[in-house]
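Engineer: I'd like to ask you about the structure that follows.
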Amino acid sequence: MGPVMLDVASYELDAEEREILKHPLVGGLILFSRNFHDAEQLRELVRQIRAASHERLVVAVDQEGGRVQRFRDGFTRLPAAQYFAAINDAATAAQLAQEAGWLMAAEMMAMDIDISFAPVLDIGHVSAAIGERSFHSDPQQARIMAECFIRGMHSAGMKTTGKHFPGHGAVTADSHKETPHDNRPLAEIRTHDMVIFRELIQRKLLDAIMPAHVIYTEADARPASGSAYWLQEILRQELGFEGIIFSDDLSMEGAAIMGSYAERGQASLDAGCDMILVCNNRQGAVSVLDNLSPIKADQLTRLYHSGQFDRQTLMASSRWQQANKALTALSERWDAHKQTLGQ
């Protein structure tokens, strides 16, 4: 298995994509909204992906909830992470967050999708890229909700990915469009943003971590996604993280400072990433495959899902029906609240 995760263009594979998926450096594929028409089509696309590759790929998606939910029609409308903080009763909020993690994971695994890149562990809501994707502005409250969501995912059989290390929540710039700079003192980042990562790593609840395309100017001139300081010295050595490290999408503008696509990919792997994402640019992806040194990343097999869910049986279960009803209601209440605020 190779260290590169790619994407595909539409509802089914074309001939070029079938050949690319056989490349020895390819180890994963991420799905987007453009790959989804309905549940039956999606399941068939995943079957095609499995059949095209020589080895079982890690199939992934961003199915967080709120505005970042790639599959909608026929799937539960998942609330964004911030919504759980609006529930007045802490026990109810914790239970519903856990059910959200379970339900999201179960619905994805019924499609034979291995992982959803979740949960978001960024603190606060000021970032344009993060906003309501964050559980809370208080690190401990965010950790409590994230841990519940994680336990739900694990109970279903899906591995977790905490993002975006060491924290994207305090920068207003969107790393999809530019390279954000976080100029805060390193001590503040350590005692505020990194707390949630540290505590969840200590509890061995994070199977993978995705670093931010953010430059933390007090620490390094490179984005964290391409920084050996953040990935090796801090994440591996200081925090003792033993799981998988993903890059975020190297086609994002926040990664452009690292050079060409091939240079971005090599820099991220050299810095300590186990798998790099190259999406939304076929030419860039091919350049990475053509120029990367041969490398195996067999540790990525740890990310395969271990749950078995039949979609019809899942949706007929009382647990799914109750969770679906509660989560949909929470999303609708939050939408009504935002409308009163003119958002």
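Note: Cβ is positioned from N, Cα and C throughout, glycine not excepted.
Remember, it's a predicted structure, so these values are computed and weren't measured experimentally.
Here's the feature list from Swiss-Prot:
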BINDING   Asp62, Arg70, Arg133, Lys163, His164  substrate binding site
SITE      Asp174  site 'Important for catalytic activity'
ACT_SITE  His176  active site, proton donor/acceptor
ACT_SITE  Asp248  active site, nucleophile
Engineer: Spatially, and counting Cα to Cα, which of the recorded positions is closest to Lys163 (substrate binding site)? Options: Asp174, His176, Asp248.
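Structural biologist: Nearest listed residue in space: Asp248.
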Engineer: Of all the binding-site residues given, Arg70, His164, which has the fewest Cβ neighbours within 10 Å once its own Cβ is left out?
Structural biologist: Arg70
Engineer: So if I measure Cβ to Cβ from Arg133 (substrate binding site) and keep only same-chain residues at least 6 apart in sequence, which ones fall under 8 Å?
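Structural biologist: Within the chain, Arg133 (substrate binding site) has Cβ neighbours under 8 Å at Glu64, Gly66, Arg67, Val68, Ala80, Ala81, Gln82, Val120, Asp122.
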Engineer: Could you tally the C-beta atoms, other than its own, that fall within 10 angstroms of the C-beta of Asp62 (substrate binding site)?
Structural biologist: 20
Engineer: If we count other C-beta atoms within 10 Å, could you say which of the recorded positions Lys163, His176 has the fewest?
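Structural biologist: Counting other Cβ atoms within 10 Å of each of the recorded positions Lys163, His176 gives the minimum at His176.
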Engineer: Which one is closest to His176 (active site, proton donor/acceptor) in space, judged by CA to CA distance, out of the recorded positions Asp62, Arg70, His164, Asp248?
Structural biologist: Asp248
Engineer: Return the maximum Cα to Cα distance in Å (whole number) over the record's substrate-binding residues: Asp62, Arg70, Arg133, Lys163, His164.
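Structural biologist: For the residues that bind substrate, the greatest Cα distance is 19 Å.
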Engineer: Have a look around Asp248 (active site, nucleophile) and count the other CB atoms within 10 A of its CB, chains all included.
Structural biologist: 27
Engineer: Which residues does Asp174 (site 'Important for catalytic activity') neighbour through Cβ under 8 Å, counting only same-chain ones at least six apart?
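Structural biologist: The list for Asp174 (site 'Important for catalytic activity') reads Ser127, Ala128, Ala129, Pro180, given in order along the sequence.
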Engineer: Name the secondary structure element type, per DSSP in three states, that contains Arg70 (substrate binding site).
Structural biologist: coil
Engineer: Tell me the Cα distance separating the residue listed as 'active site, nucleophile' from Arg70 (substrate binding site), rounded to the nearest angstrom.
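Structural biologist: Each residue's Cα considered, Arg70 (substrate binding site) and the residue listed as 'active site, nucleophile' end up 17 Å apart.
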Engineer: Rounded to the nearest Å, what's the C-alpha distance separating Asp62 (substrate binding site) and Asp248 (active site, nucleophile)? Just drop the number here, would you?
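Structural biologist: Counting only the Cα atoms, the answer is 12 Å.
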Engineer: What does DSSP assign His164 (substrate binding site), in three states?
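Structural biologist: Reduced to three states, the DSSP call for His164 (substrate binding site) is strand.
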Engineer: Would you mind reading off the Cα separation of Asp248 (active site, nucleophile) from His164 (substrate binding site), to the nearest angstrom?
Structural biologist: 8
